[in-house]
Each structure stands twice: as C-alpha cells, then as structure tokens.
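Structure first, commentary second.
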Amino acid sequence: MSATRIQAVYRDTGVEAYRDNPFIEALPPLQESVNSAASLKSSLQLTSSDLQKSRVIRAHTICRIPDDYFQPLGTHLLLSERISVMIRGGYVGRNPKTGDLQKHLQNGYERVQTGELETFRFEEARSTAQSLLLIGCSGSGKTTSLHRILATYPQVIYHRELNVEQVVYLKIDCSHNGSLKEICLNFFRALDRALGSNYERRYGLKRHGIETMLALMSQIANAHALGLLVIDEIQHLSRSRSGGSQEMLNFFVTMVNIIGVPVMLIGTPKAREIFEADLRSARRGAGFGAIFWDPIQQTQRGKPNQEWIAFTDNLWQLQLLQRKDALLSDEVRDVWYELSQGVMDIVVKLFVLAQLRALALGNERITAGLLRQVYQDELKPVHPMLEALRSGIPERIARYSDLVVPEIDKRLIQLQLDIAAIQEQTPEEKALQELDTEDQRHLYLMLKEDYDSSLLIPTIKKAFSQNPTMTRQKLLPLVLQWLMEGETVVSELEKPSKSKKVSAIKVVKPSDWDSLPDTDLRYIYSQRQPEKTMHERLKGKGVIVDMASLFKQAG
C-alpha cells in the first residue's frame, strides 16, 4: 500500500472517550506541540558546496524554496491541534463497535429512500462532529499549512475485520463562479480519486436535486467513515447561481448537520459575508467556530514579534549568494516587512526574487534597496492588496483579499531563464579578455598551466609594453626569465610614472555602493530613504553619537 493508503494498526490513545474505537485507534499517535512542529517543519537545508555551484544551478535551487520551505508558527500548531480534535471527536459518535455507526447508516438510508433530509430511523443517533471556518487573505499560507498538516495522516486506512476503507480526510475546491451543486459533484470526484471508485458516475451525473445529493453524500461519507471534509476557496461560489448568501449559509449548515462528519470551510475575507450573521450571533446557531488567519505581525503588544524574527532569520539562511551577509540586519528585516506586510507567500517570494535579481546582476547580495527595487518591478499585481493591508481598513482588505499572484510564479521562471542566458565565464575566459592582442593570448595559453594568472598576465603585458616591436617568439624567453626570477611585476606596474599621477585609492562607482560592507558610509548613503535624512540614517546606525542620551547618562 502507498503512504496515503495503509492497513489498520491499532494503538491505545490513552483517552477514555477514544478507547476501543477502531477508527480513532488506527490513526497516528497523538503528538505534543513540539513533536507536531517537528513533523511539519521542512527538511530543506543548503550546504557550503551548494554555494560554489554555477549560477544556473543555484537559481534552480533557489526557485524550490517557495515549495520546499515551511517553518511552523503558533497558528500552524493551533490549526494542527484543531484538526486532530475534529477528526477524532467526529469518530466518537460513529464507533462501529457500539452500533453508533450503524445507526447513522440506517438514518442515511432512510433519507436516500425518502428524499427528505429530516427523516430518521434512530432518533438517538448523536453527532459529535464539529465545524470550523478558516478565513485569511490569499497568500497567507492557509492551504499550504493545511496540506502539510493533512500529510501527517494517511488518507485511506483499510480495516480488514470490518471490511471498511476509512477515508480520514477529503479536500475539495470550489471552482470560479461555481454553484452549490458543484460542491456535491466535487465531493464524489474527490472520493473517486482517493478510493478508485465510481461514485461520480453513479450519483453525480444524474439529475438529482441538492437535498438528494446531500443525502447521498451523507450516506457515502458514513459508509467510508470520513473523518474530515475540507472545502477550500469558498469565496469563489457564485451568489447568483447559489440563491444568495442566506441560501448558501443554509446549505453549509444543513451539510454539517446531515452529513454528520466534521467540516472545515476555507476562504478569503470575501467569504465572510456568507457567515456574517452566524459569526455575530451569540448562540452561533450554525456551529461554525472560526480562525481568522492574519498575516504574521511585526510587533506584539509594542514589542518585536519573536515569531517574525525567527521566521526571517531561518529563511535568511537559505541564501545561495556568494557575497551574502551572514546575519540579517534590522534595517533589511524592517523593509522586508514593510513591503510584504507579513503575508507569507509574499515574504518568501520577495526573498526568492531578490536572490534571483542579485544573481542576475552579479553583485550576489540582498540589500534593503534591492528588496525595494524587486518589489516595484516584480510584485505590481499584489500592490493593491498590500496597500489595503497597510491601510488597515476592513472594506479595502476584503475588496483585494483574494488577489491571486500567478504573475510572480511566471517571473520566477523568467528570471531563471535570464540567469541561464548569462554566459558563465571560466577563469581562462576572463584572463583572455584582459589581454589586448592575439600574440599576448598565445603566450598566455602556452604558459597558463605552469604559472598563476595573477602573475602571468601582468608579466606578458609588461613585456609587450616595453618591447612593442618584438615578436612573441622573441619575447617568450624574456617572459620566462622574469617569471623564473620571481620579479614583482604587479607592484612595478602599479607604480605611478613621472608623467602621470596614479591615485592609490580605488574608486568605487556610486552604482556599486550597495555592494560595499553595511558599515561603509557609501553603502549607508546608497540605502537612503526619501523620508529620512542622511543624518538620521547615520544616527540610526550608531555612527553619530546621540549627545542628548550621552549627557543624560553623564547626569
């Protein structure tokens, strides 16, 4: 069997309510938060040898970061715990050993036969299913986190003694401009993928009404002991095709009550209006608990958020730039947050795009200025959403909360191609470019195996410069003599002549100032912001003494 389809092996959980329930005891063991975090965390690591590879190979490795990197935060552990409780709690009222499951199946059979959702044969058949509403902006990591958590469970468990294929979870997506009936069809489709069955052909393609479809879903869900039904992207549902928000709410409430299995609904803030009345209600009539999945915050209660610091510090280590800064500065971290607003997808992709830009430019270093430039050039599609988040106005946030960003993924691919198109120069190619004539290059090729380029090239250039009329055949003995004598040609070439003064200071172009160390005044100037003076930046870096605080300390 595959990793998602296993034979049942039963373990006592230690929880009395779960004892002797095969659907619960066949699940993976209950985990502490620390172990849960370890099981969710990605194993992506980079080595020093990765750093020495060609730019093309490094670019491909960098582009794997959005898919392979995952750092569990507090919200992930909360969601993991809620899912664990929902799955196991939902099975408490459907224990096949106590007859509870059979009661649900008999009630489901009655509903299918009569076509009425309120019909039952066993009134005392109780439901222990819980429901959950997960709301968050597009790119905040809801779906990625869910996939990570669900991947810690096998999807299908076969119970030989019961002859039952238990489906632990099922995830379906709402299509754009979809209808409520499409949710039912997607349910049968997803179940067929998990089990290799043909429920869609048997039930989905017939002209059943919504009530009949829900009755069929209920019966099949209980027949396969479905542990959790996840419906993602509910903001895509068409209100006009679904009869309006109230009709949609009624559908989801009925689905939770009738199917009798835990249901999780996921969407952006646009979907919140469907459940607004229920969320405002003190009684919570529909029973939807809610998690609002906000972007990670930069500060908490006026202090730096340690989760944001830990997340960015760990991500910063996944650099394949040869001139990278070992430690992430507060300045770069602050700019990173300002641009991304803590939206996880943007945080990671801004980092990846900045690395690719640094590779393409050849400076191989991420700076605050580079992050700003990449944000302006590459992330235009999500500027409205991020500006709405900066405003803090709920109406604006809801309007732009479901912006998708396929353009960013396209840019990742394009930057990979751009880097691949840049010709990687070998040391030999670079050396040949430094020499002026074919004769000089011929001499270099003859001697390059025996002498270091840093000495060989200036020696050849000096020989041709001092003897412009001699052929390379005649200059060869002279070059060899100088090389064997170990004459310090480089230092002589750098000596200023009488007729021409040569500055001993190497001039760095202003366009290259952002590649200097971050303590260099020129680097600090290159990272200036319009709203801050140079004096304020120097003061922030600790270059200028704060006289007021100094006098205060002196008393």
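Each residue's number is its place along the chain shown, starting with 1.
In case you wondered, yes, glycine gets a Cβ from its N, Cα and C as well.
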So which range, 48-67, 188-207, 388-407, 428-447, gets flagged DNA-binding region in Swiss-Prot? 388-407
What are the sequence-distant neighbours of Gly136 (ATP binding site), meaning same chain, six or more residues apart, C-beta distance under 8 angstroms? Lys142, Thr268, Pro269, Phe292, Trp293, Asp294
Which state, by DSSP, holds Lys142 (ATP binding site): helix, strand or coil? helix
Fewest Cβ neighbours within 10 Å, where candidates are the binding-site residues Gly139, Gly141: Gly141
